[in-house]
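Trainee: First the structure, which I've put down as structure tokens, then a few questions once you've had a look.
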Amino acid sequence: FQLSWAVVTILYIPGCNMKMVPVPDQAFGNFFEGDCYIVLYVNSAPSMDIHYWIGNLSSQDEQGAAAILVTQLDEYLKGSPVQHREVQGAESTKFRSYFKNNLIYKKGGVASGFHHIESNIYNILRLLQVKGRKHVTATEVEVSWNSFNKGDIFLLDMGKVIVQWNGPQSNRSEKLKALLLAHDIRDRERGGRAQIGVVEGNAEEDSPELMKIMRAILGQRSGPLKEALPDDTPDYCQQTANVRLYNVSDRSGQLVVQEIATQPLTQDLLDSSDCYIVDQGGSSVFVWKGMHASKEERRSALSRAVGFIKAKNYPSSTNVEVMAEGGESAMFKHLFKSWREKGQTQGLGNVYSTGSIAKVEQVKFDVMELHAHPEQAAQQRMVDDASGQVQIWRIEKLELRELHPSSYGLFYAGDCYLVLYTYMRAKKQQYILYMWQGCHATQDEIAACAYQAVAVDNKYNGEAVQVRVVMGKEPRHFLAIFKGKLIIFEGGTSRSGVTSPEPAVRLFQVRGTNEFNTKATEVPARSSSLNTNDVFLLKTDMFFYMWYGKGCSGDEREMGRVVSDVVSRQEKQVVMEGQEPAEFWVALGGKAPYCSDKRLQNEKPPHNPRLFECSNQTGRFMMTEVEDFAQEDLDQDDVMLLDTWEEIFLWIGKSANEYETKEACNSALEYLRTHPAGRSPDTPIISVKQGYEPPTFTGWFNAWDPHKCSGDISYEEIKKKLGDVSSTSQITVVSDLPTPVFTNFKVCKKIFFMSL
């Protein structure tokens, strides 16, 4: 296996030779219906996930090859990844979360010609049917009015122009997601050099020029539109209490599957010498491989799960997860009454790496070791020890402005940056191009950042690995580049000519235990921003305090000292939680409640928090889980359910309707009642309104920004910025050619760049 150890690696399996072929980065999110794919994901923890995706039109040979190759890849990685079986149209929320922008299903497969998606290619004509709100899927359909209906959104992609047609019954959130998808296609596949127009299906007469273009491609529409089709969304949370545990053993010489327990399950039922199947009422099937199970039992785990699904007459789209002992997924742990990690340590401050046999050890980096053992590089998400060459540019007036090395690591939330990292591998230079987007950067700057990244990549013959980094989601290698001295300033910008007075009081939250994983993020200078689990730096004109929460470790305190020297040369005073002087609280505007949960001080929570979106915008009430959640995932149009195990939070968005609010409360009770782990129905349920979140809620989100939601851009604002395509270009459709060609294309001087 020759793999590039980036965050996500995708390989597809063409039917012609049944070998894995790497998918180019630009094609991530595009899947041919006639192929199978393998997706390797390295998440923020030292663990991996392997997904094999089955297209609806793929052959049995391809599906069998995918299963075999997944098993081989798992063995190559020493059994540490969690394996997932994904079926087109029924993908798990975890799989969908990798492709924040979209999933696009394309007709055909490799036999019909697989080509790398390249920037600035305009010879395209396709119609995409867009479905979904939180995770969008776009399916390539026949370019005809017969494909349209009243409820969905359609993108007519003609290369230089993309027309979005909104079904009369589609909602605002769906329109926004579809428009962001159109932006992503323009920026990622066309280098930002395509125009987007929007047609409202219930007011086509308001867009005569765009309708003229559509009619030139699709012909005159005859007859009424089809009625809206119900969204086939299998990823809603339909919890079931019917959970059963099966033992899989070959001790008798034959593989035997035997039921041994029903919910609620306990961890002591799992024996390291065997393999087990956990059936969650047919909605999901999990396979657990004990570390001392026989090689045959471990190798056949995935095929046994598929056979189990067939024997039970479950749908072929049933989700399957296969995991090794010590590498259990959060979903799997939630099926048990309690779960304790082997070698679990006290305190949340230490970050550990879990090896393939559940041995807990401190991470130690050796660049030669990483090159010699790529599986270790993947586990640590580190291509090297981050000692390569660094070059950084800031986006200024939509152009690149190179920064002086003295300012490396000082990032501002109002800016966008390009970070080019160069390192050696096999005596050849390799490049990683990070595109860092501040949360307060304008849409123009974000789009320009993507555009300029293409230009920089072209200078290196397209060899750079491009990584989009959103503020607050920095990958480990990116953090390591700055040797524990990355500081993100909340307000203002570092652009020349733009001056803003430095606040009299600044508060920084420091997270990390070594130079490879540490960063400091500026948070609102108030008492409610504190968290008992972290180190905080309080800077004023008169003094500088280093505040140590009771839950932080010695390593975290040491990294706090390192960062403090970068923030200020003032003399530092150490303040332990509970021993703060009066001046400390005065600087923060007075004492106030903050996140000081005793569980965060004493030991690692037994279960990870989970976030669900509660919505009825598709016509029925649904709960959809949000993987790897952040504050940005809180949708003001919906109600969100945050499960922290000992309490349930219902976050009510400003625009959530009364029905959603009422059903969310009922669903929270049903969620507890039917939870496979036998949760107490008396678990506290806490309702939180947007804008009034208590620290017990915000403490579960990293660097919570109380003003973030007020700055979200709406569908109407994005649409308004697009303007009218007909006013900025003249388009002539040559309809007598096999593929329509656009000529006389004139772009005005002012172009609005939009991007996710």
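Cβ atoms are placed via backbone N, Cα and C, with glycine included.
Quick paste of what TrEMBL says about this protein:
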- 18-95: domain 'Gelsolin-like' (DOMAIN)
- 137-204: domain 'Gelsolin-like' (DOMAIN)
- 261-333: domain 'Gelsolin-like' (DOMAIN)
- 403-479: domain 'Gelsolin-like' (DOMAIN)
- 518-585: domain 'Gelsolin-like' (DOMAIN)
- 621-697: domain 'Gelsolin-like' (DOMAIN)
- 1-18: signal peptide (SIGNAL)
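Context for these features, please: burial, neighbours, distances.
Mentor: Secondary structure of the domain 'Gelsolin-like' (18-95) per DSSP, as helix, strand and coil residue counts: 23 helix, 25 strand, 30 coil.
As a summary of secondary structure, the domain 'Gelsolin-like' (137-204) carries 22 helix, 23 strand, 23 coil according to DSSP.
Under DSSP, residues within the domain 'Gelsolin-like' (261-333) fall into helix, strand and coil as 23 helix, 21 strand, 29 coil.
Broken down with DSSP, the domain 'Gelsolin-like' (403-479) shows 24 helix, 29 strand, 24 coil.
For the domain 'Gelsolin-like' (621-697), residue counts in helix, strand and coil come to 22 helix, 20 strand, 35 coil, using DSSP.
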Trainee: Within this structure, do the domain 'Gelsolin-like' (261-333) and the domain 'Gelsolin-like' (403-479) have 3 or more Cβ pairs under 8 angstroms, counting pairs 6 or more apart in sequence?
Mentor: no
Trainee: Contact between the domain 'Gelsolin-like' (518-585) and the domain 'Gelsolin-like' (18-95) is defined here as three or more C-beta pairs under 8 Å separated by at least 6 residues; is that satisfied?
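Mentor: Stretch pair does not touch.
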Trainee: With DSSP as the reference, give the number of residues of the domain 'Gelsolin-like' (518-585) in helix, strand and coil.
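Mentor: For the domain 'Gelsolin-like' (518-585), the helix, strand and coil counts are 21 helix, 22 strand, 25 coil.
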